[in-house]
């Protein structure tokens, strides 16, 4: 194509290209003396095009500089095409389209293609070249021959493959084909049977959808149906491969190397298809040329169904194949030429308003005029078309927030507009803009046009601009209102004249900037989806965004869990007992789960319940027909396994009482009852921390009622016996099923109850190692961190420098190291080394614990050290994104044994997995397990978020971030508020980094307190309404905690001023009762827009917003006592007391520190020990007695009266009411309640 390319090719062997055989060269020869390609310096179109004479399978390419020169190509793009037009760019596995080239003229750089391409034409487009010389290139292409059978479908045709019998029933199917389509919709494969089976493969909006049903539709409607979509932008007129493999219900569906594994539902395993399979459409029986759905318009090649070459049969006109419509056996090439607008600031296409009169410079167009084109983009904004009119008027067609807007500007202050269309989600859309006298109209996708009056007859200028405005046109009023258009256009028609984009490319017609012609470079950046943990991906032309709402994760790719990993970690944040979401594997694949955290003084217990918490009475079961109870937990077995692995100790009580019911056969020891562990294995021991065979707790304690047996129940007595046991072997917990088999004899009965799974401790929070030789290190398997990686740990040291962590690959690496007062995070993924540093204003080798967190994903990298400002760096949108490592992961040192770390590292977490430093250190010289010092264990030396700091002869507690004071951060800080008293605390860090209104990284958002609120405080008041606390922003967003008119607690969230506030009412009864109440509030999410927060303030009591009820509460303020106020890592009331002169704290009225919280605690304790209100007594009856009744009701009356003993503060005067309630409700007169009194403790 001599008119298109201007190149200089000297006489060398590369002038003639030929194909030899598989895996040998089929391109210009490199490594020969003489020659090479170089373009003219004035050439605007710089590429080397290779014609391989026929379609071949290209597997590798190689490049070299021009011989005997300083000319070479340092980077290039590779494009391919079947017909020398409609090109497509080759992309590597990490989606980058840039190949590294040469560093000199003589070296040869080979690239084996990760996925081969079948093509005739190749283009090498230089992107970077020698700084010393110019572009110089010798190339070599490697590959194999490729033969195919092709069929062309014109959108009104199909091929029918008819079976030899009436119907075909298969349990295994394989369908494979390649296709390229000119339309976004159309059926490729369809077959169906009379009983309701069917299989359909169709294009829908550029994606490939597979629908399959294996069930009888009449007997089981929709039970066996499954649908799955794969791929995107498949209507790009390029080849795509499809493979469908089915065996029974299991289906593997592959499109272009992306595979989905699915399983059909229902009962059927076979696919029953009647008469025929159709390819290219679904013809209507009896009506030739009529189809039920949109037909496929494009080409298919190598179409195989269960080993049968369908196209080959059709070409040979075999009787099994019937052709409907016009099916040909060569692939027609598309006629439309696309153009890609690359830049959101400088792309434009300038054309004459009337191409028929293009030589008449300066002349406008009057009368009728129109402009039409097709476009596709991901962007929601951009300039599509601009045209000047008479008297400085102009006409603009814009994409504005996803809709089309045609605007006629009469003057700077006067305009008219019409808005049409819906979201434009990467699909092709057609546009037609028309001027006809006084009227302008716009039509989208051939829908009826929308019109507006212009006010005068329109007369266009001589120029029309498409996609953007050049800077030179600014004086004529052409300016990009927001962004230039980024996307693809084709079929551009100006005033009924098609625009020849090849003439534009050659400089013959119009002008352009930042355009690629004869290629549509649109990409689906959400395929594959880099948003983790079910994050929702959306995209623009050049980037993608992850919406993590409702996932429990945050960060640029929803990588980071917003939940703590254990109950122990919740305790360290100052939380009280309650239900919490915990995520034991952090950023790992498991989702968070809800558990109950019981914060006792000695231990923190995690409690996981199940569906079988009530006692179960069993009668009539035998070994042949046993009683079976399956236990379903509130967490999955995978989650439970991770929770158990993380915990120090776990246990589960199995209450088991029996009467004439054995656990084991007394003759041969065969188990008659058993339980299943989490792996589904049968277990026959009923107590203990070590697995045993046929044992109960009494045998471990050596106190069975008959020492001839290992269990009390095996004595087979008529009386009720007890074999309750505590199971504590973690590898077998939890109990997933109970089987009882010996209650079918007269008088036989068993009663069991499986308690919740309970665990305490976190093995990993203080898992640590000490490095005391510079050459020592710990090594672990290679870091698995191709697309995302997070590393977090604590360290303390006296050494000024050292490497914390290093992992190397062939070219890539990752390293975290310490230098004096600086932590550095460095890595390489193929775009050049990336280095992030955080410098501390205090020495980091101060023998105190410091926290480091480094993260890298396909969008950005970040580094956090302690509470210092987060450092981050965005990743290039079109760069390499896969981190390829192959060496071992070194901790505390490097492979070269240099620059080792001296000190302690603990809680080292990599992608949700905590590395067991403690265990690995036991077998490594120069490293010891654990860390010396007072602050190196889980002992709670400092409470309520207090930080332990080592001293030469002991330790001190830093209570800066605690709402408490005193030596161990246990002394409560309380403040009495009078009428008119308020405190306002203004945040500076980390919000000061948000002052710059340019786009900031989402990692800042993820790490700052905006992504979560942990609020805790106690209050006492008798006044309502009242404002307890508000959090406000300059943009009128707020959170408010108030007491309503009736004294009930309300929490108001106003995060979006365009929506009504969210209001939560945790309790309906009045809290303005003069008693001390504790409030604990926890919010997770990213609902506050990160680019709208400049400053945030916290007020007690404060005012916020314009909502009437909140304003009323704010106007009343708060009168009473506020105590132990914690907001995330801040203690604002404590700061107000200790830093009255601070610019961050503003106090109005008389603020008095007091011990009102402590006094209220004592008063509340005395009151509760004296009397429990009736409502709580009823609660006591319902909750405690109810469980006891279920057990006691199974026991005989002759066993005597049972006493339920309570030390819960029930006054003796209530005993009669409780006993009466039991007698009347439960009909169990042999049960009584004995309450505690000042002189009597019953339990």
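A Cβ is built for glycine as well, from the same backbone N, Cα and C atoms used for every other residue.
Any TrEMBL annotation is an automated prediction that lacks curation.
Marked as disulfide bond by TrEMBL: 904-931. A simple way to gauge crowding: the CB of residue 931 (disulfide bond) has 22 other CB atoms within 10 angstroms, across all the protein chains here.
The domain 'F5/8 type C' annotation in TrEMBL covers 1-144. Over the domain 'F5/8 type C' (1-144), the average per-residue pLDDT in this prediction is 81.
What TrEMBL lists as domain 'Laminin G' is 150-331 (among others).
Annotation comment: TrEMBL describes 338-520 (among others) as domain 'Laminin G'.
Feature annotation from TrEMBL assigns domain 'EGF-like' to 522-559 (among others).
The domain 'Fibrinogen C-terminal' feature in TrEMBL is assigned to 558-610.
Here TrEMBL flags 767-931 (among others) as domain 'Laminin G'.
The domain 'EGF-like' annotation in TrEMBL covers 932-970 (among others).
Residues annotated as domain 'Laminin G' in TrEMBL: 992-1156 (among others).
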(message) Across the domain 'EGF-like' (522-559), what are the DSSP residue counts per state (helix, strand, coil)?
(response) 0 helix, 10 strand, 28 coil
(request) Tally the residues of the domain 'EGF-like' (932-970) by DSSP class, grouping H, G and I as helix, E and B as strand, and everything else as coil. (result) 0 helix, 12 strand, 27 coil
(request) Please report the number of other Cβ atoms within 10 Å of the Cβ of residue 904 (disulfide bond). (result) 24
